């Protein structure tokens, strides 16, 4: 991303939406795979993209994500829920940042700082089974403040 695009991105992230919800963003919509996300934090949206959705089936793929921090990240906790037909079928949580343990490059960042990540991500699974999925993801800090929150919708019709 060019430096000249950062102010535009910041304006988009700071834009006050007149509605009560953030819009649903399309990450990709290819022949057999669709991914959408929406911020569930009423105060902040964020930017997220994948280079090519078809790369998801290759186990490691490149993403870009950006957000302006509203809270400090001394400690950071992730909680993910997999929801199928309105029922939570899997819950996963992990500590990402804490004193002496920093799994991410942005551990220790302060309120008001801009976070931008561009690089590879590995899901840790070999394939996403066919079907429609909803994923709830929430990142909270040591004060239980929401750092980022999203609802993801994944529609996978790929045959492996």
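Glycine too: its Cβ is placed from the backbone N, Cα and C atoms.
Model, not experiment: these values are computed from the prediction.
Quick look at what TrEMBL lists:
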SIGNAL    1-20  signal peptide
DOMAIN    37-154  domain 'MD-2-related lipid-recognition'
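With helix defined as DSSP H, G or I and strand as E or B, the domain 'MD-2-related lipid-recognition' (37-154) counts 6 helix, 68 strand, 44 coil. Confidence across the domain 'MD-2-related lipid-recognition' (37-154), taken as the mean pLDDT and rounded to a whole number, stands at 88.
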